[in-house]
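Sequence annotations record features per position, and here Swiss-Prot assigns domain 'ABC transporter 1' to 20-256 based on sequence analysis. Per Swiss-Prot, the feature ATP binding site maps to GLY52, GLU53, ASN54, GLY55, ALA56, GLY57, LYS58, SER59; the stated evidence is sequence analysis. The domain 'ABC transporter 2' annotation in Swiss-Prot covers 266-510.
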Amino acid sequence: MRAETQTIKMTEASSPTPVLEMRGISQIFPGVKALDGVDIALYPGKVTALIGENGAGKSTLVKILTGIYRPNEGEILLDGKAVHFHSAQDAIDAGVTAIHQETVLFDELSVGENIFLGHAPKGRFGLIDWKTINERARILLEQLESTIDPTIRLKDLSIAQRHLVAIARALSVEARIVIMDEPTAALSRKEIDDLFRIVENLKRQGKAILFISHKFDEVYEIAENYAVFRDGKMVGAGTLATTPQDEIVRLMVGRDVTNAFPKQAVTLGPTVLSVRDYSHQTEFRDISLDLRKGEILGLYGLIGAGRSELCQSLFGITRPASGEVTLDGQPLTIRSPEDAIRAGIVYVPEERGRHGLALDMPIYQNMSLPSLTRTSRKGFLTAANEFALARKYAARLDLRAAALSVPVGTLSGGNQQKVVIGKWLATKPKVIILDEPTKGIDIGSKAAVHGFISELAAEGLSIIMISSELPEILGMSDRAIVMREGLMAGQFERAEFSPEKLVRAATGNA
């Protein structure tokens, strides 16, 4: 009997017949066995949580299930009959649809076009029926309790709204199996509640749902069953109602994670960055803050509070309407990201795949991009210098990769985050802004990233850390600023921290 390949067992009363089974699935890449004989079963009307550290094999399983990869070994059964997915369309035709962590949408298309791309309703003479597209899109969005206009372009939406469009797109296909890969990563609590109401409705319709999340509170709230992957194997499966969280953590990482927030005590130095009366035309106003040498300043708030917009302005992505910025006591005017980088301010964005990385390029080139003047000789790039720079920061960050020449897109989320941080550290900054630094990262990798952030602060780097995860703010920050609707709603020293204080400030419930 192999403990690594347990199939989820359900009581006969709940649902004796799985709609989908994967048996003995193995996926082999050059030098790597990404999946090793895993079994999993999904049942109608039930949510199964797929849990594991980044690199455990979850993404590979999803790609097999959605027809992107064909397994080297094993079989997929749909209603007890073997099926073979040769393409993503084969999987869709069989009733399998996916909502991915990084929204795969098109900025220049309308919301309705994105929802029905590839399966647009057509009218007479085979022409696309735009009226029907927009009507159906509006109905789907209303089911998600969203008032997004289907006719506007996607690029005009916020990250949270983009995720709702991605969910609507998945629901636009008549699916029996719905895969949700970190669907709540950019959603507010209200939007998560709305999504979970949708999930409950899908369960009542008999949909089988595979739910991938690193947020244990969400897993226990929405799922009935779980399957834990580690190092390409299934190491545990069962019913969440009878399994404590500590047991799942041990299965995930193969060890106890006792210190998720390894914050080092640091003697803070002088003020490095000072912002006064800083305002944007629409996103934030009257922001004043100071950041000291070696300090981790947490920015907390709900989605849409203006935190990312503030930091993007400090990095030169957008222009402020008014206000002053000083760095090391000297006035600073930032008109572009180049100005910020030259001054020593860098920004690690929330959406790594869209703004932080060139996913098709190798690791070493991604890491050296902001430091081309240091890796070139007489105006010409040298691969040797690029590799040397990448090796230095890959070692420092404990980057897990087969080689520095592999595309960044092949890495797990945690390792992609290390590449983004590494490329900016190579510029030797004074201030680093981390926007949701552990978004989509598993619990083991989170602890590693937190440890590294703490080390950077201990070395004297000044850090602004945006996070929507309250435990992360409380565990890692020396000081926390709460924003609400573009304004500063509160500022707290570490000794004053409490979850209640920060949540009240963020929600306006005094």
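Think of each number as a place in line: the chain as shown, counted from 1.
Placed from the backbone N, Cα and C atoms, the Cβ positions cover glycine too.
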Per-residue pLDDT averaged over the domain 'ABC transporter 1' (20-256) comes to what? 88
Does DSSP give LYS58 (ATP binding site) helix, strand or coil? helix
According to DSSP, collapsed to three classes, what secondary structure does GLY52 (ATP binding site) have? strand
Surrounding CB atoms that lie within 10 Å of the CB of GLU53 (ATP binding site), all protein chains: 24
Its Cβ having more other Cβ atoms within 10 Å than any other among the binding-site residues GLY52, GLY55, GLY57, the winner is GLY52
Across all protein chains in the structure, which of the binding-site residues ALA56, LYS58 has the highest Cβ count within 10 Å? ALA56
Going by C-beta under 8 A and a gap of 6 or more residues, the same-chain neighbours of SER59 (ATP binding site) are ASP181, SER412
